[in-house]
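Colleague: Here it is, the structure in full.
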Amino acid sequence: YSNLSCTILSDPLSVLQRLERFLNIEPYFNTNNVFFNESKGFYCWLQDGQSKCLGERKGRKHPKVDKQIMDALKLYYKKPNEELFKLIGKKFDW
């Protein structure tokens, strides 16, 4: 779970299946409805027989954020993140 953002890009099916198990919900995602779309360059899913992919602005590189801003954001969200980690019993490396 420590590098979830990278894993969801490279292997979204395993992440989605772990999430379903964690939430204790009926499994939905499988190899029949999650697939790599060659033209988009990332994973999509099938819903009611139709391909669903993220919009044009998704899957792009994000701009570099100044270190001071990132440090301020980490400090601002430190307590809520700690509460989240305690609640779910997992820690994310963000």
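Glycine too: its Cβ is placed from the backbone N, Cα and C atoms.
No curator has checked TrEMBL annotations; they are predicted automatically.
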Colleague: In TrEMBL, C53 is listed as disulfide-bonded to which of the following: C6, C44?
Modeller: C44
Colleague: Looking only at C-alpha atoms, tell me how far K61 (3'-phosphoadenylyl sulfate binding site) is from C44 (disulfide bond), rounded to the nearest Å.
Modeller: 18
Colleague: Within 10 Å of the Cβ of K61 (3'-phosphoadenylyl sulfate binding site), how many other Cβ atoms can you find? Include all protein chains, please.
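Modeller: Excluding its own Cβ, the number within 10 Å is 5.
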Colleague: List the same-chain residues at least 6 positions away in sequence whose Cβ sits under 8 Å from the Cβ of Y43 (3'-phosphoadenylyl sulfate binding site), in sequence order, or say none.
Modeller: L9, P12, L13, V34, F35, F36, N37
